[in-house]
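Quick notes on the structure that follows.
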Amino acid sequence: MALREIIIVPDKQLRLTSKPVETVSPEVRKLADDMFETMYDAPGIGLAAIQIAEPVRLITMDLVRKEGNGKTEPRAFINPEIIGASTETRVYEEGCLSIPEYYAEVERPAQVRIRYTDLDGHVHEEDADGLFATCIQHEIDHLNGTLFIDHISRLKRALVMRKFEKAAKRGYKFVPAKTA
């Protein structure tokens, strides 16, 4: 496993549409391992491969670790897709490792049904709600070149982007804060 650098806005790679994973190879498993290590180190609860400059449809997630009880439940989703969504919506405050130190309320479908392949090559369909639904939608958005700030007002999005563009021009490097 290796720690990888997380790219941040305004990096144009974050706007790429990621390519499907053709086969679950040792290289894909190694990439997932690197993503878990990077996600835990950041710390975060989800990471899309494009966030470490790998434009493939792979997501890692661990929602259990967020609870701070020392337990983990790492999950990898290869070629995930939303195949159904509720009309009911829910608002969660979202953040992103690629947009450090910024959070905003985002409205998304409250429940979604997803299809994905696991690291053993098995295809699954699963219903997601609550934080899981929000997180999987957020990460799938990354695979499609969409950021959570695309779901907020144009004015707020412009202010956020201006902040990061100015910082990038000055050479300032945002580093996610470590938690104790």
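Glycine is treated like the rest: Cβ placed from N, Cα and C.
Under the DSSP three-state reduction, H138 (Fe cation binding site) is assigned to helix. The Fe cation binding site annotation in Swiss-Prot covers C96, H138, H142 and is backed by sequence analysis.
Annotation source Swiss-Prot lists active site at E139.
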Problem set entry | Cβ-centroid neighbourhood (8 Å) of the Fe cation site, C96, H138, H142 excluded | G46, A48, Q51, E94, L97, S98, E139, D141, L147, F148
Exercise. Over all shown protein chains, what is the count of other CB atoms within 10 A of the CB belonging to C96 (Fe cation binding site)?
Worked result: 26
For this session: Sorry to bug you, but what's the C-alpha spacing from E139 (active site) to C96 (Fe cation binding site), rounded to the closest Å?
Result: 10
Problem set entry | Protein Cβ atoms within 10 Å of H142 (Fe cation binding site), excluding its own | 23
